[in-house]
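Note sheet for the following structure.
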Amino acid sequence: MELKIALLPGDGIGPEVTEQAVKCLHAVEEAFNHHFVFTEAHAGAIAIDHTGDPLPEATLQVCKESKVVLFGAIGDPKYDNDPSAKVRPEQGLLKLRKELGLFTNIRPLKVYPSLVDRSPLRPEKVAGCDFTIYRELTGGIYFGKKTLSDDGTVASDLCEYSEKEIGRIAHMAFKAAKARNKKLTLIDKANVLETSRLWRKVVTRIGESYPEVALDFLFVDNAAMQMILNPKQFDVILTENMFGDIISDEASVIGGSIGLLASASVGDGHAMFEPIHGSFPEGAGKNIANPIASILSASMLLDHVGLAEEAATVRAAVDKAIEKNVVTPDLNPDGNYGTDQVGDFIAHSIVDIHEHISFNDENIEAGKSTII
Ligand SMILES: NC(=O)C1=CN([C@@H]2O[C@H](COP(=O)(O)OP(=O)(O)OC[C@H]3O[C@@H](n4cnc5c(N)ncnc54)[C@H](O)[C@@H]3O)[C@@H](O)[C@H]2O)C=CC1
Ligand SMILES: CC(C)CC(=O)C(=O)O
Ligand SMILES: [Mg+2]
């Protein structure tokens, strides 16, 4: 298959982890005889440095002309430490999500058996934990009107949702739940927020078309607690933009590190794949960032374009690295493996696994840590 991939490494550790994902995609090309055409472009702080714009028009064009986008991370302390900055790296990412119509962000969490002891929670609480978060990505408070009074003492951010915005992601989450363990939990704050009450109404109505899926509701404060008390109760979580952002970082520690969590953003036709973490500026240039979230994002990309066996092979190679403890310091502070070495190991394993294992429908499905 010939496939056009837009590559936006971004800032901080973004380029380092994306490099490993590209290495793994090259290994897939070699093993399966595909041809991937990468076009690299700037986004985030690096794009501001070059053009003054965190999402230059040329970058947006590259993304629109490619079948899929592989994104690293954006963000830089020089903007984080300057609250008065008018142009910020994060605006580029938000605009990109909006422009590409990526209204659904899928963030799967799976606890690897060999990492159970890395979780800050007790092993029996987390062993076997496997759920997926469906986070709305192009609406809500991140996109609402912002105001700041002339004297700078009063600010506001508007949170707005329409039935249409809620309905389209709700259908995707119900379909995912139907294909998984048939449970959907809507996380909201319907005891306080009007937007949350609209979410409940729309999701309840849509739920009638999915009678096999058990729907329940949790207020977000309780959900944050339940995530730690009993994470195995979850199957598919559906939530709005900001709650999903927060809950998914919290969920990531269950599995041992945020450096393991990948995501797929889909919607009107375009699709983008990125780790859930940020640019981890303190880790940049030190060869310590975990590349697995980026590599698993690449595996979600392969699934998305119909290359299921290739995606399963990447996941199997990641499983092998984790089982053999070929992991970065976030998972093994006493180990000897950096970002590069983990990327090399997984890339070599992809070729090796392809030579020795033939995936059928059953074992492809068994590695279902990705799209649903
Ligand atoms: N999608 C994106 O591009 C995102 C960008 N950001 C931006 O990133 C910058 C830093 O934000 P933070 O709040 O510090 O979040 P962050 O996700 O970059 O880092 C938080 C902590 O998570 C750990 N971590 C993150 N990625 C890791 C990896 N691959 N391997 C090992 N450990 C990892 C580190 O301990 C780090 O201190 C900010 O400018 C922020 O706006 C934040 C979140 C998402
Ligand atoms: C930096 C934000 C725009 C995004 C974020 O934190 C995320 O998508 O997880
Ligand atoms: Mg986030």
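Glycine is treated like the rest: Cβ placed from N, Cα and C.
Residues or ranges marked as substrate binding site in TrEMBL: ARG97, ARG107, ARG135, ASP221. Here TrEMBL flags ASP221, ASP245, ASP249 as Mg(2+) binding site. Marked as domain 'Isopropylmalate dehydrogenase-like' by TrEMBL: 4-346. Residues or ranges marked as site 'Important for catalysis' in TrEMBL: TYR142, LYS189.
Shown on the structure are the features that TrEMBL records.
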| residue | record | Cβ contacts under 8 Å, 6 or more apart |
| --- | --- | --- |
| ARG97 | substrate binding site | LEU137, THR138, SER265, MET272 |
| ARG107 | substrate binding site | THR132, ILE133, ARG135, GLY244, SER248, ALA251, LEU261, ALA262, SER263, ILE276 |
| TYR142 | site 'Important for catalysis' | LEU94, ASN241, MET242, ASP245 |
| LYS189 | site 'Important for catalysis' | SER196, PHE219, VAL220, ASP221, PHE243 |
| ASP249 | Mg(2+) binding site | ILE258, ILE276 |
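Highlighted here are the binding-site residues (ARG107, ARG135, ASP245) whose C-beta falls below 6 Å from ligand 2: ASP245, in sequence order. Taking the mean position of the Cβ atoms of ASP221, ASP245, ASP249 as the Mg(2+) site, the remaining residues of that chain whose Cβ falls within 8 Å of it are VAL220, ALA224, MET242, PHE243, GLY244, ILE246, ILE247, SER248, GLU250. DSSP classifies TYR142 (site 'Important for catalysis') as helix under the three-state reduction. The secondary structure of LYS189 (site 'Important for catalysis'), as reduced to three states from DSSP, is coil rather than helix or strand.
Note on the binding-site residues ASP221, ASP245: the fewest other CB atoms within 10 A surround the CB of ASP221.
Selection of the recorded positions ARG135, TYR142, LYS189, ASP221, ASP245 by a Cβ distance under 6 Å from ligand 3 yields, in sequence order, ASP245. When secondary structure is read from DSSP and collapsed to three states, ARG97 (substrate binding site) falls in the helix class. As a whole-number mean, the pLDDT of the domain 'Isopropylmalate dehydrogenase-like' (4-346) in this prediction is 97.
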